[in-house]
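J.: Below is a structure I'd like to ask you about.
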Amino acid sequence: HPPPVATDKEEQKRLLENRPDQPQQPRVLRVAIIGAPNAGKSTLSNQLLGRKVFPVSRKVHTTRCQARGVITHQDTQLIILDTPGLTNPLKAKRHNLDEAMLTDPWDSMKHADLVLVLVDVSDHWTRNSLSKEVLKCLSQFPHIPSVLVLNKVDILKKKFLLLEIATDLTEGIVNGKKLEVKSALKQDSSSSAKSPLHITQDSPPESKVPPGSPLGQERNQAQEGSGLDRSSDVGDAGTGEGPKHHGPKDLQDRKGWPHFQEIFMLAALHGEEVDTLKRYLLMQAKPGPWEFHSDVLTSQSPQEICDNIIREKLLEYLPLEVPYGVTQVTDIWEEGECGELLIVQSLLVPRESHKRMLIGKGGKVISRIAQEAGQDLMNAFLCEVRLKLKVLVK
């Protein structure tokens with residue numbers, strides 16, 4: 001079971017500063033999760049961690065800063081870098097976003113050993129090409145191994161589209177091999193809608209990965225992580241030289257990235273196939289010292305988690321740009337008589353009309369926000385939480 005987050009700021013700080021309890025042969029992997037806003041990065045991070053510590057909402061730019069999640073499993077530590085959605089200066093200005101949201105995803109790439117590129121396959125406008133920002137990111141760091149993760153596959157009614165999407169996003173090449181689409185299509189009619197992963201169960205012999213390779217072991221353990229077959233080696237992609245640096249001109253006409261090592265298909269919201277991905281990540285870890293004590297689940301302070309989760313609910317229940325103008329001030333954060341955590345927070349809004357919206361008819365909206373946020377905080381802190389919210393005009 002993942003550890004809870006400490007409710008006391010000082011205790012969490014002490015845990016973060018604690019020397020990691022290194023096992024005899026520690027292994028570590030730093031994973032950056034990048035993608036367009038709203039692809040499901042935070043949902044996937046929470047599922048991998050097994051506890052909700054990152055805010056999630058259908059509105060774009062819920063994640064405002066780069067936070068870390070820590071998964072400690074036996075002798076291996078995975079550090080998940082949950083990043084803001086890759087955006088451009090124009091959109092950042094429109095959503096009132098600070099400079100950090102433009103630089104954070106790039107910073108996390110610099111520190112990553114592996115990058116997961118998350119694509120929302122339920123969005124038919126964007127699913128057949130990687131965004132320019134994602135391509136730019138990958139081409140700036142071509143030496144970092146990358147994996148394509150197709151998310152929200154449960155929403156996709158026509159499962160055969162997954163092959164088309166995968167082919168477009170990888171330019172038909174994965175791990176230096178050509179995607180074997182033909183045999184996959186034959187299988188598709190019988191593959192269940194629930195499990196799009198096993199699109200090709202009987203792969204042609206020449207496309208089998210050698211059983212000794214880490215990829216091969218993973219394949220067996222994770223029931224063919226991607227379910228898509230590779231056949232013959234392709235050009236320089238298979239020579240082991242690794243991807244070349246692409247200039248902005250090359251990216252102009254690109255839709256996909258031919259240097260992904262694997263493809264995973266999952267439904268992060270329901271946790272479907274997330275374990276398959278997690279096992280793969282644990283296997284990719286390299287020998288190296290742990291960065292965090294095994295009792296640490298996230299680098300965020302308890303206060304940050306609380307603010308983020310309340311803001312998530314504001315984004316969820318308030319229309320248009322209203323939630324982006326709310327300022328949060330914590331008035332009380334203390335332990336009650338029976339050991340419960342008492343939190344009182346003031347929400348400052350710029351206009352009287354916003355205040356009415358936030359309170360809702362008969363106080364319905366604000367009490368729903370307080371109830372749901374309180375529930376999420378109990379899950380993060382594993383203790384009783386009493387949350388009170390007040391709405392004031394600035």
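Cβ atoms are placed via backbone N, Cα and C, with glycine included.
Just so it is clear, the model here is predicted, and its values are computed rather than measured.
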J.: In TrEMBL, which of the ranges 61-65, 126-130, 291-295 has the region 'G2' annotation?
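T.: Spelled out, TrEMBL records region 'G2' over residues 61-65, not the other listed ranges.
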J.: Kindly point out the range from 103-106, 139-142, 151-154, 259-262 that TrEMBL annotates with region 'G4'.
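T.: Checking TrEMBL against the ranges 103-106, 139-142, 151-154, 259-262, the region 'G4' one is 151-154.
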J.: Using TrEMBL as the reference, determine which range in 82-85, 286-289, 298-301, 334-337 is annotated region 'G3'.
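T.: Checked against TrEMBL: region 'G3' maps to 82-85.
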J.: Mind checking how the region 'G1' (35-42) divides into helix, strand and coil residues in DSSP?
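T.: Computed counts for the region 'G1' (35-42) are 2 helix, 1 strand, 5 coil.
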J.: Grab the pLDDT values for the region 'G1' (35-42) and give me their mean, rounded.
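T.: PLDDT averaged over the stretch: 86.
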J.: Within the region 'G4' (151-154), count helix residues (DSSP H, G, I), strand residues (E, B) and coil residues, in that order.
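T.: The composition, in the requested order, is 0 helix, 1 strand, 3 coil.
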J.: For the region 'Disordered' (1-24), find every same-chain residue at least 6 residues outside the stretch whose CB is under 8 Å from a CB in it, and list them.
T.: 49-51, 53, 71, 74-75, 77, 289-303, 305, 335, 341, 380-383
